[in-house]
Amino acid sequence: MHPAHLLVLLGVCVSLLGASDIPPLPLNLVQFSYLIRCANKYKRPGWHYANYGCYCGSGGRGTPVDDVDRCCQAHDKCYEDAEKLGCYPKWTTYYYYCGANGPYCKTRTKCQRFVCNCDVVAADCFASYPYNRRYWFYSNKKRCR
């Protein structure tokens, strides 16, 4: 092996060792993605819902394109309700488990419970309706005005 290759390998190893002591940032979006995967029995990743229809993703408005999009509309409303309670739903982390019957919340504070419930209801909603690929990165945004 060439010395340059050894240096690169050493650099990668040192980086990984250093990063292992840094805890990952617990972001609600990451948790929501795992809840989605749990609810649909790991058939579809959570990021497939990040830019779906008119409501899945940031800034939802207009007429939902299908039932999955209506799930996102309801999730947006749930987050609005959480904000009215003084919660910060996009930043609130919570404890949950992925059980045989899907995800469920096991958390302590009022905001954690409320936000986790918003996410579990949305994840279960997604799992109960067919996913239509034509609405992923939906191009007919006129309908979303």
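Along the chain as shown, the residues are counted starting at 1.
Every residue gets a Cβ built from N, Cα and C, even glycine.
Reviewing CYS72, CYS78, CYS87, CYS144, the cysteine that Swiss-Prot connects to CYS118 via a disulfide bond turns out to be CYS78.
Swiss-Prot records a disulfide bond between CYS56 and CYS72, which is the match among CYS38, CYS72, CYS87. The disulfide entry in Swiss-Prot for CYS71 points, among CYS111, CYS116, CYS125, to CYS125. In sequence order, TYR55, GLY60 make up the list of same-chain residues 6 or more apart from ASP76 (Ca(2+) binding site) whose Cβ falls under 8 Å from its Cβ. According to DSSP, TYR55 (Ca(2+) binding site) sits in a coil region rather than a helix or strand. Applying an 8 A CB threshold to same-chain residues 6+ apart, the list for CYS111 (disulfide bond) reads ALA82, LEU85, GLY86, CYS87, TYR88, PRO89, THR92.
In this structure the alpha carbons, written CA, of CYS144 (disulfide bond) and ASP119 (active site) are 23 Å apart.
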